[in-house]
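This report concerns only the one structure given below.
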Amino acid sequence: MKSRRSRCRRSFTTLVRREEERLARWALELARRGLTGEARRVAEQLFQLAASTRVRPPRRVKRLFCKNCRTPLIPGLTARVRLRSQGGMSYTVVTCLSCGWIHRYPYRKGPRGGAPISPPAAEYGSGGRDSGEREDKGPQGPPRQGGRDNRQGGGHQGGPKGD
């Protein structure tokens, strides 16, 4: 049987986490509407609540905000998201468009065409639960066009030397 203190602490932690997620959703909604100043204020309240109660927000909530200016990071609106490989490691690079702060989050590459090992970059804007599985089991769409090998004009066209 669990002690009363551990039961109380668990319910307290649950209440604080619920409030943190509510504040995160509210800040994201304000940022989507273009009220970034208000969204920053709500994000500051979220992190003040976490510090005063000593209940850390989950990683997925912390990564929704810039560590420097507390702007909610929404891809295409307040953040730029890129996937980079460097020195055998792969990173999701998130750049805050408000202050220019760069966040690098390492991830492991999964098998091609299989389920991703780390959450996709599109999940940054969603505050939903991470189920661990993709909802859509179908193909991921047509392959990307363009890139270094598919550029038109200029460069070597693959013929014999001396053409």
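Cβ coordinates are placed from backbone N, Cα and C, and glycine is handled just like the others.
A quick note: this is a predicted structure, and the numbers were derived from the prediction, not measured.
Residues or ranges marked as Zn(2+) binding site by Swiss-Prot on the basis of sequence analysis: CYS66, CYS69, CYS96, CYS99. Look at CYS96 (Zn(2+) binding site): DSSP puts it in a strand.
Under the heading compositional bias 'Gly residues', Swiss-Prot lists 152-163.
Per Swiss-Prot, region 'Disordered' is recorded for 110-163.
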Neighbour-count leader, CB within 10 A, binding-site residues: CYS66, CYS69, CYS96, CYS99: CYS66
Three-class DSSP secondary structure - CYS66 (Zn(2+) binding site): coil
